[in-house]
Amino acid sequence: MEEEQLRYSRRLRHTLRRRYEDDGISDDEIEGKRTFDLEEKLRSSKYNSNFITYMEGKDFNMKFIQEGGLRDPIIFTKSEGLGIKMPDPNFSVNDVKMFVGSRRVVDVMDVGTQKGIEMTMAQWAKYYETPEEEREKLYNVISLEFSHTKLENLVQRPTTVDQIDWVDNIWPRHLKDRQTESTNVIQEMQYPKVQKYCLMSVRGCYTDFHVDFGGTSVWYHILRGGKVFWLIPPTDQNLELYENWLLSGKQGDVFLGDRVTECQRIELKQGYTFVIPSGWIHAVYTPQDTLVFGGNFLHSFNIPMQLRIYSIEDRTRVPTKFRYPFYYEMCWYVLERYVYCMMRRSHLTKEFQRESLSIDLELNGRQRPDTPSSSSSSSSSGLSSSSDNDDSSDQDWEEEEGLRKRERDRCRVERELQRKRNRDRQQRDQERDRHGRTERIIIHTLPASLRPLTPPPSLPLPTPDSPPSTSPFLTWFEVEGLRCLVLKLESLPPLKKCLPDGIHDPEALIFDIKRLLEDHAHDPPELALTGVPIIQWPKRSQYKVHLRPKIQFTKPHTMRPASRHSTAPPRTSGTPSGTTASSGARRRRVRCRKCQACVQRECGTCHYCKDMKKFGGPGRMKQSCVLRQCLAPRLPHSVTCALCGEVDQTNDTQDFERKLMECSVCNEIVHPGCLEMDGEGLLSDELPNYWECPKCYEGQKHTVEANHDRILLHSKRKAADNYESSHYYPAKVLRPPLGQSPPSPPLLLLPPSPSSAPPTPPSAQTQVPLASREERAKRRQLAREKENHPTGCDQSEGDRLRLRGPYLTVTLQRPPKELSSTSIVPKLQAITPNPRQPIRAAPLHQDEEREEEEEEEEEEEETENVMLGQRKDSTSMQKDVWLSVFHYLTHEELCICMRVCKAWYKWGCDKRLWSRIDVSRCKSLVPQALSGIIKRQPIYLDLSWTNVSKKQLIWLINRLPGLKDLILAGCTWSAVSALASCSCPLLRTLDLRWTVGIKDTQIRDLLTPASDKSGHDSRSKLRLLTDLRLSGLDISDVTLRLIIRHCPLLSKLDLSHCPLLSDQSVNLLTAVGSSTRGTLTHIHLAGCKGVTDESLLYLRRATNLSLIDLHGCKQVTRGACEEFISDLSVSTLYCLSDDKLIQRIS
């Protein structure tokens, strides 16, 4: 009986720990089966209220929404007139898998526990096709969002839903266009991606009462099968009951439909379309296998209910994963869109105006009627103002947009007239004094420079007698909703306002929306029922800006070369070909299909092959095998000559002049015979049809010769100056352009003395990064020129060209400098392999200015070389010095240092600095964290109390061959089971304390040799364990026998709080022939209720014990411990602490 109680208590503890580790406890994670009879709820006749409205599709339009605000559920038995588009009724789950991808991960709900798990579409399709009698559990998919997949084109929502959905009409549309990720990963989401869902349920699935996230409304089409709904209206009393029901945690015991006064059960059949308004509480049952398409949407005609549902989600702590994304950001954009569409004033940033509204004032150089600076005035004077300076381009554009402008002007005049009538009627009835109405209108009038452009003379100005057009009046639902929305956003604390990036000035936006609500507080309802939505995006074709210069993008393998008449102008003789822009992009070459690499098969082992789908990979790299990379790729057949426009007319055995050749410098492809110039080219052996054309080759030769002459002249001048002044300093030569080597080695100029030392060869000179030395040379040259020309006299043209041109002065030798051996900070001097010796004695007379310049230059070079690691000859020693410094930093400080530069980042990832990595108690291990662990190759890895999965752990251990110590305390067996594979490294420490779900069977799987690969090592992967921690596990003597057999080197064993262990367990560990008898040095038996004084008699056999932990063992007395110490005092001295901790002294 006591053993059964222990097992029951352990089971409770496991359940509590699993719920504690989950990220929040929601209504989707409540464990335990329901206690009410669902079959009785399906047969009961008390759910007979009547809330449903049956309609035809043609009646569900914008005018219907404006009249009723979409408050009641609607059923359409036929889809005609709705504007929806659906696949054929025989569309199956396998078809869904084909369109969204078999690897797509979907959230699956366990109907029995109402807890969510994850499956791939391939796994779900296999489960769905399994016969009903073979299904062990009931699973339900209710959240497969398939926008931006191939399935998206097969499903179209009702037309009216498209007209009122905030995502389509409110959210900046350029953000939606940027969405590329098909899944609902919040990090990659550019807009609220909740518009199209696929729901797949098997017979018997049940989803408990809930309200759709964020108070969204739902459209729902039954493609196959059927559904049963229980509907509860969103009254104040019902919503309060629903909130208390969620917080009670008794969803499995209470059927919410029995607690409310009114509830309706309705059955939906195949082909039905169902619309659930905002806030309606509903439960769903699936009487047969069903495939449903639907979606969620927010709209402007029930904003108060949407806000209330979102507040309920706040109070019930619904996890972010199950909530409407970007909710408050969407609310801000709602206010902005209403202000823009009603007042023609935009509060978006310039970028958002350009991308979503197609407004680009900076490029056009003029105002557009729909820009933020357009007037929102409704007075007729604002319409009659015009500018006399409108050019012809403005009039052309206005003629193009005349119809739309005329309609907008008529709406403005009609609205003004209606407001005047309202004011007169209200004054006559003496209900309210509207004297301030005119003042508000005057406030809205903008300066003449910001008013709309006057229509062209061909378009008459709107008059009061003009026929009425679509009225921009607001319905009562919109006015009340916007007022609630403003109050909600103003009441939010600053950190929860969630102001989006596209809003420029939120205070001005709030001010304008309040004025808008004041102006439209008494709009006549009959004029607001127009059947036309107020919030609409302007058509991009009408507002497309053509003034930005177009940039031509060309693909190298598809680009046709320019014709002969459109070739680039010839280069000047003074400009080398290597410094000019290439005449065209280099063409992408194709396989020759003749070499050995092209004809052989894939190896199947390289990283490219492993990525291929035919070898089981994801197919993302889209690269060919490493062994199949062509050795001589040829030009594609589509390439033509840039001069004559003809293709290659020859093969390898015919005339060379008709063979297409590609230049390695300018990338131009021509026939050699088409070049009308005399000269010689340079053939290349690297690729077929590859050469250096005569234009580039001849130009390069002339450039080299010119450079050579200039260097000689410059050297002669320097030598003459040296001889006259008897000064000794290194010569400065002009560096040729990048990619060209100097024609002759640099010479060290010495004064004519018979005792002077021979010049040092170039290989002995200290190499300096060219870019940094060029910059310093420029700075010094400019400083000297300022000193030489204090009155601002002009420099010579040659000096200016020398500073700006491609030829820059570079010092090839530096004077020696004493090294400091006591420097602590690692600098260049400390890491140079051999100290630099002076080439010759120092000169007797040296210019002081030159000495200061060289010292400053040397210090700058040393600092740059040390920080950026630019000295190749001392890189390894430099790294070792910095690593010795990095060893004193914590991991947090080291991560900060890694942001300094690329060299520090590379050195900071050295595995010697990361031998121990501790990520314990991290809420989530993202892929970037796992990649960082792999990059650092730790020896000790602590993953305790994390939610690491089996897949993640397998990925880690496969890439950490040097891992020795692994800490998995507090994890689950599903993750720890990854160690049972043959790829597990040879660990020396394994910590499995308080791991959920581990018993004797699981320990056997870990310790026995892996059998997942045939012919593998028959020994256990944990045979080198020296430290094993099994505290808090339900293990017995079976586990101890496995440890004795498979862990011969075990020295530390932690068996604390294992309730099934007894004195016989200790006897096994110290029995004759047991490997642990001679290897154990530390044994922990704290909290083991079955251990008594008899265990100490068995522990005397272990000759190497240094620590015995018995605290919490109630059946072990202190007297027995003292007796144990006294009996062993002859050979070994022990001491006893107050907590029954026996430690070895000598």
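Placement of Cβ uses the backbone N, Cα and C atoms for every residue, glycine included.
Going by Swiss-Prot, these are the annotated features:
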- Thr207, Lys227: substrate binding site (BINDING)
- Cys592, Cys595, Cys598, Cys630: Zn(2+) 1 binding site (BINDING)
- Cys603, Cys606, Cys609, Cys625: Zn(2+) 2 binding site (BINDING)
- 373-387: compositional bias 'Low complexity' (COMPBIAS)
- 388-401: compositional bias 'Acidic residues' (COMPBIAS)
- 402-442: compositional bias 'Basic and acidic residues' (COMPBIAS)
- 453-467: compositional bias 'Pro residues' (COMPBIAS)
- 566-584: compositional bias 'Low complexity' (COMPBIAS)
- 739-762: compositional bias 'Pro residues' (COMPBIAS)
- 772-789: compositional bias 'Basic and acidic residues' (COMPBIAS)
- 849-864: compositional bias 'Acidic residues' (COMPBIAS)
- 146-314: domain 'JmjC' (DOMAIN)
- 1032-1057: repeat 'LRR 3' (REPEAT)
- 1113-1138: repeat 'LRR 6' (REPEAT)
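Projection of Swiss-Prot feature records onto the structure.
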residue	record	DSSP (3 states)
Thr207	substrate binding site	strand
Lys227	substrate binding site	strand
Cys592	Zn(2+) 1 binding site	coil
Cys598	Zn(2+) 1 binding site	helix
Cys603	Zn(2+) 2 binding site	coil
Cys609	Zn(2+) 2 binding site	helix
Cys625	Zn(2+) 2 binding site	coil
Cys630	Zn(2+) 1 binding site	coil
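Of the chain residues outside the Zn(2+) 2 site list Cys603, Cys606, Cys609, Cys625, Glu602, Gly604, Thr605, His607, Tyr608, Lys610, Val626, Leu627, Arg628 have their Cβ within 8 Å of the site's Cβ mean position. One way to see the shell of the Zn(2+) 1 site is to take the Cβ centroid of Cys592, Cys595, Cys598, Cys630; the remaining same-chain residues with a Cβ within 8 Å of it are Arg591, Arg593, Lys594, Gln596, Ala597, Val599, Leu631, Ala632, Pro633. Averaged over the repeat 'LRR 6' (1113-1138), the predicted model reaches a pLDDT of 86. When the Cα atoms are compared, Cys598 (Zn(2+) 1 binding site) and Cys606 (Zn(2+) 2 binding site) turn out to be 16 Å apart. Cα of Cys630 (Zn(2+) 1 binding site) to Cα of Cys609 (Zn(2+) 2 binding site): a distance of 16 Å. The binding-site residues near Cys603 (Zn(2+) 2 binding site), taking a 10 angstroms Cα-Cα threshold over the set Thr207, Lys227, Cys592, Cys595, amount to none. If you count neighbouring Cβ atoms within 10 Å for each of the binding-site residues Cys592, Cys595, Cys603, Cys606, Cys609, the highest count belongs to Cys609. Around the Cβ of Cys625 (Zn(2+) 2 binding site), 19 further Cβ atoms fall within 10 Å across all displayed protein chains.
Annotation for Thr207 (substrate binding site): same-chain Cβ neighbours under 8 Å, separated by at least 6 residues, are Met109, Val111, Asn140, Ile142, Ala283, Val284, Tyr285. Across the structure, Cys606 (Zn(2+) 2 binding site) and Cys592 (Zn(2+) 1 binding site) place their CA atoms 22 angstrom apart. Distance from the CA of Lys227 (substrate binding site) to the CA of Cys609 (Zn(2+) 2 binding site) is 47 Å. Checked against Lys227 (substrate binding site), the binding-site residues Cys592, Cys595, Cys625 differ in C-alpha distance, with Cys625 being the nearest.
Across the fold, the C-alpha of Cys595 (Zn(2+) 1 binding site) and the C-alpha of Cys625 (Zn(2+) 2 binding site) stand 15 Å from each other.
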